[in-house]
Amino acid sequence: MGGTALNEIVKKVKIAEDVFDFWIHSPSVSKEARPGQFVVIRLHEKGERIPLTVADTKPEEGLFRMVVKVVGKTTHELSLKKEGDTILDVVGPLGNPSEIENYGNVLLVGGGVGIATLYPIAKALKEAGNNITTVLGARTKDYLIMVDEFKEISDVLLVTDDGSAGMKGVVTDAMDKLFRERKFDICWAVGPTIMMKFCTLKAREFGVPIWVSLNPIMVDGTGMCGACRVTVSGQIKFACVDGPEFRGEEVDWDELLKRLAQYREQEKISYERFLKTAGESE
């Protein structure tokens with residue numbers, strides 16, 4: 001990779017509607033990143049900083065992977081980048097790694113693009129000798145990602161809202177079914193915040209401890225700005241330095257959901273302005 005620039009996009013593939021799979025050249029991130037960690041990127045001098053999970057690494061090639069869903073201005077800008085383009089800043093790896101050990105029977109639950117966050121965790125848990133069962137959920141089969149990769153390392157149960165792949169329903173329906181069929185020692189859930197809240201309630205119903213990966217608003221990624229604060233066991237924590245993973249049963253979900261909605265109108269305005277400007281420049 002001698003001729004590859006730092007933070008260069010080496011590979012980019014569209015893997016679902018509005019979901020893109022990137023491999024980025026960063027020897028330090030690829031070497032140091034552990035399952036559960038993330039990077040903060042900035043596309044250009046006037047760009048905002050956004051956190052994105054490290055979905056996989058190839059240390060021997062100096063590459064790390066990001067799977068990104070277009071949800072706003074910056075992720076849309078990133079989706080327009082081409083192979084050979086570079087990202088101005090990539091800071092990381094940040095956050096605490098997942099607590100990987102041999103638990104026994106482990107249930108992993110991924111929703112939407114959260115599936116990508118689960119992948120390195122699943123690989124590490126498999127290498128630690130765990131028996132893994134994975135529930136992958138999406139609105140329709142067209143939004144399910146990385147299914148074959150998970151099938152290589154775990155038993156997989158698919159769930160879609162419309163029944164176009166696997167079970168018809170939501171991921172907690174699959175959790176209920178699996179918890180009744182066998183004993184699980186621990187669970188991970190990664191996906192939309194509302195999904196993780198209900199996964200936590202379902203795990204608690206069956207007495208199974210659960211880890212969740214939180215995605216609050218984040219700016220600097222070092223605990224300075226305080227934007228990512230969450231209440232865990234009645235104490236203020238920063239997702240960027242204390243997390244991003246926390247025990248689900250300890251999270252104040254209603255407060256987190258309220259905070260996530262705080263800037264939704266501003267985010268919408270910013271995105272609409274960007275789309276208008278982008279359209280005029282074409």
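For all residues, glycine too, the Cβ spot is worked out from N, Cα and C.
Computed from a predicted structure; not experimentally measured.
Copied over from Swiss-Prot:
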- Cys225, Cys228, Cys240: [2Fe-2S] cluster binding site (BINDING)
- 2-100: domain 'FAD-binding FR-type' (DOMAIN)
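Remark: secondary structure over the domain 'FAD-binding FR-type' (2-100) totals 16 helix, 42 strand, 41 coil, with classes taken from DSSP. Mean predicted confidence for the domain 'FAD-binding FR-type' (2-100): the pLDDT average there is 91.
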